[in-house]
Every structure is written in structure tokens, then in C-alpha cells.
Amino acid sequence: MRFKYGMLAPLIAVFVAVVGFPLLYALYLSFTDYKLTDRGAPDIVGIANYASTFTNASFWEAFGVTALYVVVAVGLELVIGLAIALSLQKQKWARDVTRSMLLAPMFITPIAVGLTFRFLLNDQIGAIPELLRGIGINYDFFGPGRALFTLAFIDVWQWTPFMVLLLLAGLESIPKQPLEAARVDGGGPWYIFRRITLPLLAPVLVVAILLRALDALKVFEYVYATTRGGPGTETQTIQYFTYQTGIQFFRLGEASSMAFVVLAVVLTVIVVAFRRLERNRSA
Amino acid sequence: MRRVSGLAIARIALLWAAAIFVLFPMIWIALASFKTPSQLNDPNLVFFAPTFASWENVLSSGILDAAGRSAIVGLTTVLISVVVGSSGAYVIAKYRAGGTATRFGMLAAQVLPPAVLVFPFLTMAYALRLNDTLVPVIFAHLSFVLPVVTWFLIGFFEAVPRSLEEQARVDGFSRFGAFWRVVLPQVLPGLGAAAIFGFTLSWNDMFYGLILAPGKAAILPVAIAGFNTFRGVQLGSMSAAILIAVIPVVIASFFIQRKLVQGISGGAVKS
């Protein structure tokens, strides 16, 4: 007993200090009118912050923007990632080099990725619009109606490798017998993929989608590096909006309440996802 | 037979396309770091006489100090995480300490939006007059590195067979001795992977650094972002700074990719 808890205690102590206490303190802040510019103790304002967050049209707009971003980015990452993972699985030539190279983007600091693409996709001096002009396409990547998809494209560049990493591991842990049995029975590649590979891969797929979606929800660096929320408020994501409320407008109480609303939504999504997963497993 | 070879061609074409897609931005940034400002305005330029002006400029701009601060934050964070995480993860994995609550807490902490925790860190830093120092940044980075490292280690410890410790206990090791001398060496490769991964997470994070230490104690990602806003865009220097930030972690990542999947999945998927 003494050994068990003696070993656990330092972990719990640090965890409470860096996560538990700040979390409770944030909850307290969300019920106050704390401003960074204030002196002295802030006033308790009850649920006023939550009320104004719930009625804040910009907040829900940012929510919608973020949701669209997550769906587009993670959807593409799933399809492309699965195709690349299937291709890599059969790759024999220069196997380790290919894998390491294709996985590299996920280890780069996102601000560097954002700035790189801001430069590369720039309308005047960017290499990619210039290449497109060479084949007769004029496309402004950061124009109205396009900027959010450009950000999703940047996300795809950086995080498809994460999908590949998980899906490849999932593919390699699939038992070989059902695949061979289907092949002996004359099943074509598409049939085998649809009826055998995909169902066996399902648990890994769900985990990969969930992890990516949760991370994509936090998108901040690409917005900060490229559009700063523009044009208009088209690319104002939830994390960027909270940052602006808290840091640029000093309204920490209100920003904290926003963060908790986001957290509540995220937890709901996770619980629903796990419920469905459990049900599928027992069915 | 024809359909299969068609698939093989599609497979190779896809991998080549992916390779070009991944490498092109990196190569372009590397080229840009050797261009003059006027050359940077020409998006067609591939062959040119390299200049080292951007590199000289960026190296004298204090970027290495920022990289040093990032390294201090990363190493401190990882050191604390590995020490308290490995002992904690061991008893969670082998003695079921803390029940499922601790285990769940480690997972749930990875879901917390950074915007929830950053404002408490900021107000506490102000109250203790530690704003714009590395202390709150280290605290903030611990909030996501510690859970990830612990989560990795729980999986790695669970993969160690029970009989190994039982044998060690029979051989006269104390409980701690069995952990320290017998089990820990078994998970050393996993521990190394978790440490490197935790370091890259800390090294790459900008959000906390931007809010908690935006000024004289700016860490590397914040310093890089500064090339974008301070005195207009300095593309050549920015490119060189990006390379300084990227090259160490990408090299380090090559060594941990095999262990990474096992860690992320909490030991569920082995590679």
C-alpha cells in the first residue's frame, strides 16, 4: 500500500498543480467579471458570462466555422490517409525512408507550417499560385469563400501523416487469414477492401478520427499565421475567437466561459462517440 | 492480373505525389532562406547564387536564445514528466493504483482546450509577478506533456510480463528495486520515445508561449511568429528561422516513429 501510493503521489501532486487547480480556477474565473486590466478582486457575476456567451452570435459563428473546418480537414485526411496507408503497406522499396519522409510534417511546429504556406500561397510572390497561373488557373487562396478551405488544406498537409501512422499500424495488426481466405475464394481487391479490411480496421479508424477531430478543434496557429480571422470573420475559429476575447479585449471571465462551453460540447461528442462504439462492439 | 497491375501503378503514383506534396514546401523554404529580398519576390526562381545574408541576420536576431529557452522549457517539462510519470504509470499499470479515475484523468487532460487553462496560468503568473518568464510556460507545458508521457508509459509498462517482477521479488529485490532495476530497463526504449515525443510537443507549442511570455522570454515558435509581424514580413529570415525550429525535431522524430503508435494507442497497438 505504502509503496503503491508513494509512487503515485508525485504524479497526482504535479497533475493537480498543472491541470486540476487551474481547471477549478478557470471555472471560478468564468463566474466573475475579471478583466486583465483590473486591480483588486473581481466581482462574482453568476452566470452572466455564460448567458452572454450563449447569446453571442459571433461565438456561434466561430463554432460553425470551426465545425466546417474540422469536417473538411479530417474528412480529407481520412480518405487520403487511408489511401496512403494502404499503399505504404505494400511498399517494399526504400520502406523506412519513404515512411519517415511522409510522416515528417506532423513533427513540425504548426506556426512554421502556417507561415510557410502563407508565403507559398501568396497571390503575388507565392510559388503555387504562379504554377497554377502557368496552366491558366487564377486562384486567390486567401480570398473570400476560400480562405477557410485553404486553412483546412494546410491542416491536411500537416496532419494526414498522423492518420497514416495510426492506420498503417492498424492495417499491419489485421490478421492475415480472412484476407487470404477471401482471395482464395476469388474476391477482387475492392471486395476485400470493403468487406474485410474496412470492418477489421473500424476500431482504429474511429480512434484516429476522434484524435484528429479533437486536435483540429484547437486550430489556432494557422489562423494566427495567415488570415487572422479574415476575410471579414470567415476564418475566425473558436480558439482564435477565445484568444481575442481574453487577450486582446482583456475579458478573461467571458473568455473562460467560452472555453467551458467548448469543453462541454467536446465532452458530449466524446461520450456519444464512445457510446456508439460500445454498442457496435456488443452488437 | 491486369487489374492488379493497374492498382500497383496507382499505388506508386500516389506515393510519388505524396512525396512531392510533402517535400515541395520544405525545399522551397530551404531555397528561400538563401535568396535576397528581391529574389524572394520572384516565384519562379529555382536556380540562383545563394546568399547567406538571411542566415546571418537571423542568427544575430536572438533566435538562438529563443531556441535555447525552448530547449530549457522542453527539457524541464520532459524531465519532470518522465520522473513523476514513470513511477506513477508503473503503479497504475501494475498495481491498479488510483483505479480507473487516474487513468481516465490522463486521457481527459489531453482533451482540454488550451483556452480553458491558459487564463488561470496568466492570472497566477501576474499575481506572482512571473509573467513573461519561463516559469508559467513550463507549468502550462506540463499540463499537456505530463498526461501524454504518462499515457504512453502506462501502455509500455503493461506490455512487460508480470513474471519478470515476480522473479525479481523472489530474487530478493524490494518492490522499488524490482521497478528500478528490472522493469524500468525493459521499458527504456519506450521511455526514450515518450521523452522525445513529449519534447517535440513542448518545442512545437505556440499558444501558451504567446500568451504567457510574449516579450523578452519568448520561446522559439513565438519568436518565429515575430518575423511575420515585426517590421513587416522578413521572408528570408523567417525561412531560416523556420528551418532552425524544424530540423532538430524532424531528425529526432525518425528515431521514435516505430514506438509512437504503441504509445498513442496506450499499448493497444504494437509495432
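Cβ coordinates come from backbone N, Cα and C, glycine included.
In TrEMBL, annotation is done automatically, which means it is predicted and not curated.
TrEMBL has this to say about the protein:
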type     : residues  : note
TRANSMEM : B:12-34   : transmembrane segment
DOMAIN   : B:67-256  : domain 'ABC transmembrane type-1'
TRANSMEM : B:71-92   : transmembrane segment
TRANSMEM : B:104-128 : transmembrane segment
TRANSMEM : B:134-157 : transmembrane segment
TRANSMEM : B:178-201 : transmembrane segment
TRANSMEM : B:207-228 : transmembrane segment
TRANSMEM : B:235-256 : transmembrane segment
Practice prompt. Counting only CB pairs under 8 A, let me know which of B:104-128, B:178-201, B:235-256 has the most with the transmembrane segment (B:12-34).
Written response: B:235-256
Worksheet item: To the transmembrane segment (B:104-128), which of B:71-92, B:134-157, B:235-256 is linked by the most Cβ pairs under 8 Å?
Response: B:134-157
Worksheet item: What stretch in B:71-92, B:134-157, B:207-228, B:235-256 has the biggest tally of Cβ pairs under 8 Å against the transmembrane segment (B:178-201)?
Response: B:134-157
Discussion item. Under 8 angstroms, Cβ to Cβ: which one of B:134-157, B:207-228, B:235-256 has the largest number of such pairs with the transmembrane segment (B:71-92)?
Written reply: B:134-157
